[in-house]
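So the structure is just underneath, and the comments pick up after that.
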Amino acid sequence: MRLIPLNTAEQVGKWAARHIVNRINAFKPTADRPFVLGLPTGGTPLTAYKALVEMHKAGEVSFKHVVTFNMDEYVGLPKEHPESYYSFMHRNFFDHVDIPAENINLLNGNAPDIDAECRQYEEKIRSYGKIHLFMGGVGNDGHIAFNEPASSLASRTRIKTLTHDTRVANSRFFDGDVNQVPKYALTVGVGTLLDAEEVMILVLGHQKAQALQAAVEGNVNHMWTISCLQLHPKAVVVCDEPATMELKVKTLKYFNELEAENIKGL
């Protein structure tokens, strides 16, 4: 596992965006051989999306031959609702870059057959071979996507009941009213994430410090979904300084020295 320790949330977003752009450009995608990118929602990736849009407008990257799969979607929330992940992605990213509409894949939380929707999502991912890079965030309790504590590390795309803590955390997007936050969501599984060629998780803020400590210094544990990254051959965690407060000094020193060339100039 790589840990990229930076100072600010803005630096995390810019580093992540640059990494994505470098991966896409090195891949040299075509219509017949697209780059497959997994994407998250929430507050954490906003700086990364902003940086990606800026780099696209500067002519540094095209998303014309990029196929995207989003991590999750609320169940029962109309896709036109401002807090649906469909709306979030179009508002913050898709509407500002040159990605074709047919290359965008989002789970349908209003599908008449939820199980079939989840099964077809997995099948579509497999039809591309694999996701080349999956970017994600993490919850205070260590969940990735909506794989809440005690999720199977072999799980696939499915419906999940959201914990009260997750709904409270997300209520900031619903005028602070937890009762407006859906109780269920569709989410890719831990196994889906682990199948990706590379997984990059962004960790911001002191409230995520315990989750980061569990990922880097703890044991693999289904109560801390983020710890599954230890099983992945190409996992990258990018964090700001407040998120490192639970790490041992020697751990942080080790990764600072290891990644010195990759964080220089930020």
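Every residue, even glycine, has its Cβ placed from backbone N, Cα and C.
Annotated in Swiss-Prot:
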type	residues	note
ACT_SITE	D72	active site, proton acceptor
ACT_SITE	D141	active site, for ring-opening step
ACT_SITE	H143	active site, proton acceptor
ACT_SITE	E148	active site, for ring-opening step
SITE	S151	site 'Part of the allosteric site'
SITE	R158	site 'Part of the allosteric site'
SITE	K160	site 'Part of the allosteric site'
SITE	T161	site 'Part of the allosteric site'
SITE	Y254	site 'Part of the allosteric site'
Subset of recorded positions (E148, R158, K160) lying within 10 A of D141 (active site, for ring-opening step), CA to CA, in sequence order: E148
Rounded Cα-Cα span from E148 (active site, for ring-opening step) to Y254 (site 'Part of the allosteric site'), Å: 30
Inter-residue Cα distance where the pair is H143 (active site, proton acceptor) and T161 (site 'Part of the allosteric site'), in Å: 13
Shortest C-alpha distance to K160 (site 'Part of the allosteric site') - which of the active-site residues D72, H143, E148: E148
Nearest-integer angstrom distance between the alpha carbons (Cα) of R158 (site 'Part of the allosteric site') and D72 (active site, proton acceptor): 10
Residues that sit under 8 angstroms from S151 (site 'Part of the allosteric site') by C-beta distance, when 6+ apart in the chain: H143, K160, G189, V190, H222, T225
D72 (active site, proton acceptor) versus E148 (active site, for ring-opening step) - Cα distance in angstrom: 12
Same-chain residues at least 6 apart in sequence whose Cβ lies under 8 Å from D72 (active site, proton acceptor): P40, T41, Y85, L107, A145, F146, A185, L186, T187, V188
